[in-house]
Amino acid sequence: MFLIIFILPTTLAVIGDFNCTNSFINDYNKTIPRISEDVVDVSLGLGTYYVLNRVYLNTTLLFTGYFPKSGANFRDLALKGSIYLSTLWYKPPFLSDFNNGIFSKVKNTKLYVNNTLYSEFSTIVIGSVFVNTSYTIVVQPHNGILEITACQYTMCEYPHTVCKSKGSIRNESWHIDSSEPLCLFKKNFTYNVSADWLYFHFYQERGVFYAYYADVGMPTTFLFSLYLGTILSHYYVMPLTCNAISSNTDNETLEYWVTPLSRRQYLLNFDEHGVITNAVDCSSSFLSEIQCKTQSFAPNTGVYDLSGFTVKPVATVYRRIPNLPDCDIDNWLNNVSVPSPLNWERRIFSNCNFNLSTLLRLVHVDSFSCNNLDKSKIFGSCFNSITVDKFAIPNRRRDDLQLGSSGFLQSSNYKIDISSSSCQLYYSLPLVNVTINNFNPSSWNRRYGFGSFNLSSYDVVYSDHCFSVNSDFCPCADPSVVNSCAKSKPPSAICPAGTKYRHCDLDTTLYVKNWCRCSCLPDPISTYSPNTCPQKKVVVGIGEHCPGLGINEEKCGTQLNHSSCFCSPDAFLGWSFDSCISNNRCNIFSNFIFNGINSGTTCSNDLLYSNTEISTGVCVNYDLYGITGQGIFKEVSAAYYNNWQNLLYDSNGNIIGFKDFLTNKTYTILPCYSGRVSAAFYQNSSSPALLYRNLKCSYVLNNISFISQPFYFDSYLGCVLNAVNLTSYSVSSCDLRMGSGFCIDYALPSSRRKRRGISSPYRFVTFEPFNVSFVNDSVETVGGLFEIQIPTNFTIAGHEEFIQTSSPKVTIDCSAFVCSNYAACHDLLSEYGTFCDNINSILNEVNDLLDITQLQVANALMQGVTLSSNLNTNLHSDVDNIDFKSLLGCLGSQCGSSSRSLLEDLLFNKVKLSDVGFVEAYNNCTGGSEIRDLLCVQSFNGIKVLPPILSETQISGYTTAATVAAMFPPWSAAAGVPFSLNVQYRINGLGVTMDVLNKNQKLIANAFNKALLSIQNGFTATNSALAKIQSVVNANAQALNSLLQQLFNKFGAISSSLQEILSRLDNLEAQVQIDRLINGRLTALNAYVSQQLSDITLIKAGASRAIEKVNECVKSQSPRINFCGNGNHILSLVQNAPYGLLFIHFSYKPTSFKTVLVSPGLCLSGDRGIAPKQGYFIKQNDSWMFTGSSYYYPEPISDKNVVFMNSCSVNFTKAPFIYLNNSIPNLSDFEAELSLWFKNHTSIAPNLTFNSHINATFLDLYYEMNVIQESIKSLNSSFINLKEIGTYEMYVKWPWYIWLLIVILFIIFLMILFFICCCTGCGSACFSKCHNCCDEYGGHNDFVIKASHDD
């Protein structure tokens, strides 16, 4: 798709470059195009077209093409003049961008003049710069036909046409050319002159211009297509000039309505005649997207996820390297010196700008095609560099340049790389300006005399065959050798130093003596002995010149003025020449190779955009050096860009970062978040209700395009549009479920107005598929009623687990292990075939498996896992930045404590005392009234107690009471009772406090001792477990030691020493003994390898289990019981251990259970079933509730914890009773069967005892883990249940005389401050602003008197 926005340069501010006329031109008419009130209505096919050569019957299909946007406006570009033309008519907005194309709705103005029907409308012009270097398409009505031409017109500066019906005082003038312009297309088309409206559909795609037309019906039909190879950037409608006629008779009006096209997807409906009867623009509305998604013009009721109408980029970021020079490719291509195919030339262009449209205009192009590259993508793209090769084309060899050809031009001159992204340009230059440069590029050809060709100016040299030689090649024979030749004596000469003479042999036949036989006869092309000829025929490679032409060595020797080796011109073979001239022009081939597409600074500037500011934090369209997309730019600090790099990619090739050369800032590019849009559509409604999931309406309104709706609100699911918020209303059935218990309900318009008078038929309501009370009234169990236990309380447990994930690698030199360095053993071992190779192969596989296993474990640990090197099971410590304090909550006596303010601490004396449970209750009882002291006596374990601290008031009161009782006995004896009770109760309070403290001390001592014992046992078990881990490591070494010990085993031979065997026995017997030893050692080695295979299987399984536990236990919380520890998983920690991983799991285990009645499901009203979701239905007090499976927590049954069933039936499957056959077959007696085969045969079996010490050690940490578990239980049981002794703070008020002293001191302070301010000069300025509140004695009596007089 072409998206071309072409900005005319200031030097081309007018249309065309030739003033056809200067008369009656002004700039007074400031008319602007009218905007239509009607919009593009595609429902009847307006704006669509019939695809070329395709017929569809009775079908609905999606089609992507160039269409107008549904609902877009038209612009009227028709202009009508009489005498004057306005210069403003030839500038924007009348001069418009063509971009992808336009759709035109043209009024056919019909007028009868002198009984003659005239059909008139304006002429449209589509082109680029409108001069004779580019093609311009003109569509002009003329006498009832359409004249359509595509020529290289020289357009007038102010072009116009004239009326045919009324005439015009102006002459039609819109182009002027000194000769007939070059045209690609000229054709006349008829049209219906009686039609009221004509419709035109013009668009361009990949350099091809398409035209469609209709005068009856809305969809247009194919008119013509034309390959231009260039981009059409602008169009305008030429003014139509007519003679001025009075307005009452002038009923000729012009209307030329135009709307732009873009690449869009349409849903088209074809009837039984293949006619388009309905169409939908898929991206014009939410409803249209649903229609296209379902490929139906009447979608069914449902909820649809939409992808369109989401992201609305608010800006465009465009970047190119500024101030780069022009590549000037056209200057190099038009150079008059043109090379031949033999010495083709190459030029590399980089860090520059080029304009492909201009290039193709400035070069006389015959054809331009591309390979592995869409040539439309070149416009506006950037590359690392552009490599351009060129040479003149021999006329007879033009076909050799077809891609994949094996003709002479590509096999022996220039090879076209069909795997690269390239374009092939065929062009020509005028004959008078061309000089063909024929030059031999071969260095070894030129060494021996051939560097240029003596041909005419337009003859082009090319190679038929190419040859390569060694650097020491010389075509001349050695004179000292050939001087003895009697016949066939070749020419000879002295070869250059460092080269080899031509190979010649002296031969004698029956008739001739000393006959010379030399290489490469008769010539290198048709030599008899190609293997001995040093000139090798080759095919040129990509980017290579021909290495050299062939040399007839019989014509190389001493020449005139050349004493050294020299070849005559006719000695060089395998080349031809032909003319490049055709129609007085020389044909040239050029190959453009585009390197690094969208990754460099060699850019096409056809689009002529300017660099823009970078908008951050919002969704934008971007074009970064040819790479386009949408994203959100966020400025970051990055130091990983080199000076020549500016784009950052991810592993999938997507651009994720950008360095701006203009500002030297770096950005990360994030995808535009659009959210998920769900459309709830009710069949036959005019529009759907929309839910932008997880987005606020404020974000939707500001960043996402949508059709304006008066109803929108934020919900739990996201922003809801075109619906009314009625979540307080619930429905039991729903066709438009939105999830999470919400529903979109649709009410018919008539009933809606009667009930609520709202304008939206959609309501956002709560979905409740059943009523809980109804369920309890009519419920029946499904599958029966069962009794199970569900946990109610838990305790935390710890569990340590070691998993072996690797082992030491082992490699064995099998031959050395069996035979050491004895040759006889090695010879005999070779007869065992590939046994040793198999052993090494198996061990290599074991080592590879260890590497893979370690890599898998490392990858699992590297992603989000913190390995600890100092783990501790004590929860009060931190493990590598893992702080458990926030998980433990508040610990100690300060939890929940409150304190008074700083002022209260200043004004009162604070006293703290221990509280075993009665001080706070006493304080609450008194409420601050000290007279209620004895009324608030507390009881502690049956003993009356009071707090042991008294205030000054209480001491005074009780002292007075005791004094009165002592002064007037017995009448005042009763006054001493309160004093006695007060003393006794407070002594009781001290006693019980000391008793509790004593008991707590004993509990602390016992629990601490028990905790120390448990900790000791736990560390002992951990130490034992680590010792077993160490034993696993030692076991591998022990296995190797056992294997080495087998070297000293005789395995039935007379000795384990090969030297002793050889010295004691003869050759044959020695071989037998060595063979026994080899068999034994190979058997031991085979056993060891088998053990290694068995061990690696266990290690691999352990590694897989470790990876699974890292992923499920360490990185997340496992739902499986007893998988991560014992019980329900809480968290797990992992640390490295020798050849494995050590896990520490924390879990909670049930300590108490509740027995309940459960049912697998419930049946509602006999026809509808529900099943629990991750829990149980329990029967509690004749009512059904739901609880989770891992913890007893009853809650009401709702749609969030149930799964619905279609019926209440239960399908039972009976397991078949199948037993494995464990009977033992009845075999014949072994001795009897053996005797049948070995009658009268006696043999003594050798003693092949094999003392195997290879043992596979498995970890058995069961006992240690049990000890650790018991220690943990012991620690849990050692919890110190102390009697709670609180700390109570009591504030004692000061006596009255202290307060009196404070007040007196404060008054004295104020008086001193007052006299300081009034009696010194320090406060005069302040008091003058207070209107003389204090009189001053001196200097201002007049003012005082005057003020008194005024009063």
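Here the Cβ of each residue, glycine as well, is placed from N, Cα and C on the backbone.
Annotated in Swiss-Prot:
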COILED    1030-1074  coiled coil
COILED    1257-1285  coiled coil
DISULFID  Cys20-Cys156  disulfide bond
DISULFID  Cys151-Cys183  disulfide bond
DISULFID  Cys163-Cys242  disulfide bond
DISULFID  Cys282-Cys292  disulfide bond
DISULFID  Cys327-Cys352  disulfide bond
DISULFID  Cys370-Cys423  disulfide bond
DISULFID  Cys382-Cys603  disulfide bond
DISULFID  Cys925-Cys936  disulfide bond
DOMAIN    14-294  domain 'BetaCoV S1-NTD'
DOMAIN    325-605  domain 'BetaCoV S1-CTD'
CARBOHYD  Asn114  N-linked glycosylation site
CARBOHYD  Asn132  N-linked glycosylation site
CARBOHYD  Asn171  N-linked glycosylation site
CARBOHYD  Asn188  N-linked glycosylation site
CARBOHYD  Asn192  N-linked glycosylation site
CARBOHYD  Asn251  N-linked glycosylation site
CARBOHYD  Asn355  N-linked glycosylation site
CARBOHYD  Asn454  N-linked glycosylation site
CARBOHYD  Asn561  N-linked glycosylation site
CARBOHYD  Asn776  N-linked glycosylation site
CARBOHYD  Asn1181  N-linked glycosylation site
CARBOHYD  Asn1211  N-linked glycosylation site
REGION    901-922  region 'Fusion peptide 1'
REGION    1001-1051  region 'Heptad repeat 1'
TOPO_DOM  1317-1351  topological domain 'Cytoplasmic'
Mapped DSSP class for Cys925 (disulfide bond), helix or strand or coil: helix
Rounded inter-Cα distance in Å - Asn561 (N-linked glycosylation site), Cys292 (disulfide bond): 87
Tertiary neighbours of Asn192 (N-linked glycosylation site) (same chain, Cβ under 8 Å, six or more apart): Asp215, Val216
Closest of Cys20, Cys151, Cys327 to Asn454 (N-linked glycosylation site), Cα positions, disulfide-bonded residues only: Cys327
Nearest-integer angstrom distance between the alpha carbons (Cα) of Asn355 (N-linked glycosylation site) and Cys603 (disulfide bond): 8
Those residues of the chain, 6+ apart, with a Cβ under 8 Å from that of Cys20 (disulfide bond): Cys156, Glu157, Tyr158, Pro159, Ser173, Trp174, His175, Ile176
Number of Cβ atoms other than its own within 10 Å, given for Cys156 (disulfide bond): 22
Asn171 (N-linked glycosylation site): tally of other CB atoms within 10 A of its CB: 10
Cys352 (disulfide bond) versus Cys382 (disulfide bond) - Cα distance in angstrom: 10
Rounded to the nearest Å - Cα separation of Cys370 (disulfide bond) and Cys183 (disulfide bond): 24
Among Asn114, Cys183, Cys282, Cys292, Cys936, which are recorded as recorded positions, the nearest neighbour of Cys423 (disulfide bond) by Cα: Cys183
Distance from Cys327 (disulfide bond) back to Cys925 (disulfide bond), taken between C-alpha atoms, in Å: 99
Closest of Asn114, Asn171, Cys327, Cys603, Asn1181 to Cys183 (disulfide bond), Cα positions, recorded positions only: Asn171
Other CB atoms, at most 10 A from the CB of Cys352 (disulfide bond): 18
Where Cys936 (disulfide bond) sits in the secondary structure, as DSSP reduces it to three classes: helix
Asn355 (N-linked glycosylation site), number of other Cβ atoms within 10 Å: 19
Per DSSP, three-state class assigned to Cys163 (disulfide bond): coil
Helix, strand or coil at Cys423 (disulfide bond) [DSSP, three-state]: strand
Secondary structure of Cys156 (disulfide bond) (DSSP, helix/strand/coil): strand
Inter-residue Cα distance where the pair is Asn171 (N-linked glycosylation site) and Asn114 (N-linked glycosylation site), in Å: 22
Alpha-carbon spacing, Cys352 (disulfide bond) to Asn188 (N-linked glycosylation site), which is rounded to whole Å: 44
